[in-house]
Amino acid sequence: MTLLELPTELILLIALSLPESALAQLLQVHRSLYKLLLPNLYQRHLRDSKLQEGLFWCTATGNEAAVKKFLYYGADVNASMGILSIRHAKIPFQPWLDVQTPLNIAANTGNDTIVALLLSHRANVYGFSSRYWGTSQPAIVDALLSGHESTVRLLLLHGSPIHEPGMEQGGLVNCAISRGQISLLKLLVEFKADLNIPSQGSYPLNRAVSFRNLSTDIVQFLLDNGADIGLADGHPGLLLNQAIYGTIDTLRLLLDRGATYPPDDLERWLEILFDRCTVETVHLLIEYGYAPNIEMLSIAVRARRGDILQLFIDSGVDLNMRDTRGFTLLHTAIVRCIPRDPPIRIGGRSTRVSPTCMSDKVEKDAPEEIVRRLIRGGGRPQCPGRAGAHPAGSRQRMSSGDTADACR
């Protein structure tokens with residue numbers, strides 16, 4: 001008598017004695033036993049597998065029918081797994097976060113059908129603590145980081161949080177900014193997202209202005225929809241400090257919207273800025289009223305930024321102004337720019353949006369070239385400095401004959 005000829009009761013008794021893997025192989029060989037033994041296979045898996053890998057696997061592969069059966073036979077819709085267990089089980093998807101639930105996985109893959117199915121079985125849309133793996137993130141974080149707009153909308157309609165303590169990057173607004181997805185930002189605003197909630201002392205606007213590969217459209221969208229420059233600029237000058245690491249267009253937008261730098265700290269800020277900024281950035285600052293004065297010129301000289309200095313010279317600035325100590329620029333060039341190193345070239349990254357304010361490819365002139373630029377621009381070598389000293393007299397202290405020759 002063959003297996004298929006046995007009474008149903010005997011087949012079920014035999015099935016109970018088989019391990020899960022053998023039972024699965026039996027069903028592959030004898031398809032006619034599916035209706036009889038498939039419930040037993042699901043129940044066996046749920047009984048023997050504490051992690052319920054089958055539910056996670058079927059969710060990741062989009063097997064809606066199998067997910068339904070797992071739920072029907074009592075699978076925990078809010079089961080959780082750590083990332084190491086997921087990799088060990090070779091579940092085919094790439095998690096964003098360390099702790100995953102079936103809803104996290106379905107949101108990650110953008111499978112709205114399975115997301116809706118899990119929600120109908122009361123899947124938790126909030127992050128929660130699990131016994132073994134720690135705290136999970138709300139599934140909407142996975143959906144947003146993966147760029148699945150329809151899934152994000154579906155979860156928002158079911159009450160998913162936008163801002164919660166402990167959420168990844170401080171909430172969905174920051175996640176959307178980091179991904180550079182303005183369509184998702186618009187969706188969050190549609191659901192009344194607050195654009196002025198700080199995370200670790202930083203507002204969404206602070207994050208947005210400093211990204212060098214982020215479109216200015218996102219910064220403009222934040223400002224147009226209630227992001228407060230005053231809050232983000234809590235310490236005067238903070239916003240412009242961050243913006244100089246972003247793009248020219250973003251810096252221009254902030255200047256248009258009234259962002260300023262406190263005069264008392266301007267010199268310190270320019271010391272940082274002139275070290276790596278582009279000439280276009282300096283031109284923009286001049287355009288918005290930061291007129292070149294002796295302090296600004298001296299910073300360019302000390303930074304050995306001949307390109308910035310030439311911009312000032314071309315604008316007709318007086319090169320014979322004196323600083324508070326009575327020194328001229330030429331004096332500063334000779335005394336402070338002691339030639340030690342050849343021009344510095346720093347290899348950098350290419351930009352992907354508008355030109356950046358700072359550049360890793362700035363070229364710094366040798367000190368003698370700075371002196372030559374000043375002389376060609378009208379700086380007077382014999383103009384006396386403080387206490388009757390004049391710049392050319394400093395050449396005896398220089399280690400470079402070129403610098404001394406430039407002053408003759």
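Glycine residues also receive a Cβ, built from the backbone N, Cα and C atoms like all the rest.
Features as listed in TrEMBL:
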DOMAIN    1-45  domain 'F-box'
SIGNAL    1-24  signal peptide
REPEAT    98-130  repeat 'ANK'
REPEAT    200-234  repeat 'ANK'
REGION    377-408  region 'Disordered'
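Per DSSP, the repeat 'ANK' (200-234) is made up of 19 helix, 1 strand, 15 coil. Secondary structure counts, DSSP: the repeat 'ANK' (98-130) has 17 helix, 4 strand, 12 coil. Summarising model confidence by region, the repeat 'ANK' (200-234) averages a pLDDT of 92.
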